[in-house]
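Trainee: Feature list, courtesy of Swiss-Prot:
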type	residues	note
BINDING	20, 76, 116, 428	(6S)-5-formyl-5,6,7,8-tetrahydrofolate binding site
DOMAIN	212-351	domain 'TrmE-type G'
BINDING	222-227, 241-247, 266-269	GTP binding site
BINDING	222, 241, 243, 246	K(+) binding site
BINDING	226, 247	Mg(2+) binding site
């Protein structure tokens with residue numbers, strides 16, 4: 001296997017730059033700089049030289065196979081963060097035999113292949129790197145720390161137990177095996193179904209935390225929507241004008257709201273119009289508003305809005321509070337009156353929804369669980385039809401196990417046989 005190397009820290013001038021190496025020749029590559037290798041997992045300051053020239057002074061860290069991020073023999077060089085110093089060391093590494101520059105994500109790929117991370121943890125690491133808000137960071141850390149894998153291992157153990165019971169009645173019918181294992185299998189299946197359904201119920205909120213919530217600002221033309229967006233963004237994100245219908249397309253502004261990733265949508269003013277371009281903008285506004293996680297209706301005296309109605313979960317705000325009296329939640333994007341209260345109300349609504357977030361943060365996770373649920377529902381139906389359908393139920397159980405493979409890895413035949421032998425003392 002090749003030994004790979006790459007700059008692990010950000011490119012450009014910095015206090016420290018970290019070079020990472022992984023593979024059988026990583027320690028040998030460090031030694032090529034004329035340094036005395038330190039003990040494993042001990043940082044040591046070493047002078048890196050090449051052709052009698054000092055390239056840099058670096059902290060050197062060595063890791064043994066099985067005790068590194070990738071699971072391979074690895075090394076790290078902590079250099080001064082000079083682009084020239086980094087380039088000089090990379091140039092030497094590129095000329096050493098058996099070494100090559102790493103491809104994108106290759107260190108993490110090796111960690112996956114060597115069992116240091118499961119696939120969900122790899123995805124959690126990617127989400128952690130991309131996290132922009134506190135909620136995203138916390139969620140990504142849970143996944144990276146193995147929350148999905150731990151749950152999946154418990155589900156997997158129950159599935160294997162249920163499969164072992166059914167396979168035993170099929171393959172060892174003449175042996176000392178309980179005649180009817182249906183009640184025990186149904187108990188396992190019912191417990192699993194309850195757990196998995198809870199996870200699916202919470203998955204869409206978890207996906208929203210990862211991808212971000214959308215909050216649409218809806219109202220009639222010239223109601224102050226763009227002015228409100230600018231007040232929320234604290235910059236001129238949208239053009240404002242006294243001319244009704246200025247906003248034709250959806251304008252998006254992404255913000256960190258109480259630790260949640262939120263994209264505010266400034267939509268075209270809703271009204272009946274014969275203007276083709278404006279009508280297209282209104283159609284798009286209605287579509288985006290209906291799909292948004294939360295809608296803020298900015299109302300004035302223009303009456304009902306065409307194409308959309310206020311729902312129970314929507315926020316209704318009286319706009320242009322600086323120009324007209326009123327009661328309830330009122331604001332003025334121009335003066336800032338009521339904006340903090342609106343932000344607090346939006347944050348409260350969205351934070352309330354995150355309480356039900358599960359561990360499944362991606363559509364892939366949810367679809368795998370939904371396939372497993374479908375297979376287990378088939379198992380349940382077959383078992384309730386009678387023992388003559390045990391083989392069909394066993395096949396559905398294997399399908400459920402395969403559906404979870406993307407989360408926990410493959411279930412091999414030996415583990416299934418081991419469970420059978422341990423449970424039913426089959427071995428004569």
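Heads up, residue numbers simply count up from 1 along the chain you see.
Just so it is clear, glycine is given a Cβ too, placed from its N, Cα and C backbone atoms.
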Trainee: Please list the DSSP helix, strand and coil residue counts for the domain 'TrmE-type G' (212-351).
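Mentor: The counts are 38 helix, 32 strand, 70 coil.
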Trainee: Could you check the binding-site residues 76, 116, 226, 268 and say which one's CB has the most other CB atoms within 10 Å?
Mentor: 268
Trainee: Which number gives the other C-beta atoms within 10 angstroms of the C-beta of residue 222 (GTP binding site), all protein chains shown included?
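Mentor: So the number of other Cβ atoms within 10 Å of residue 222 (GTP binding site) is 22.
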Trainee: Rounded to an integer, what is the Cα-Cα distance in Å between residue 226 (Mg(2+) binding site) and residue 268 (GTP binding site)?
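Mentor: Just about 9 Å between their Cα atoms.
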Trainee: Return only the integer: C-alpha distance in Å from residue 225 (GTP binding site) to residue 116 ((6S)-5-formyl-5,6,7,8-tetrahydrofolate binding site).
Mentor: 50
Trainee: Determine, to the nearest whole angstrom, how far the Cα atom of residue 222 (GTP binding site) is from the Cα atom of residue 20 ((6S)-5-formyl-5,6,7,8-tetrahydrofolate binding site).
Mentor: 56
Trainee: Select one residue from 20, 225: among these binding-site residues, choose the one with the most other Cβ atoms within 10 Å of its Cβ.
Mentor: 225
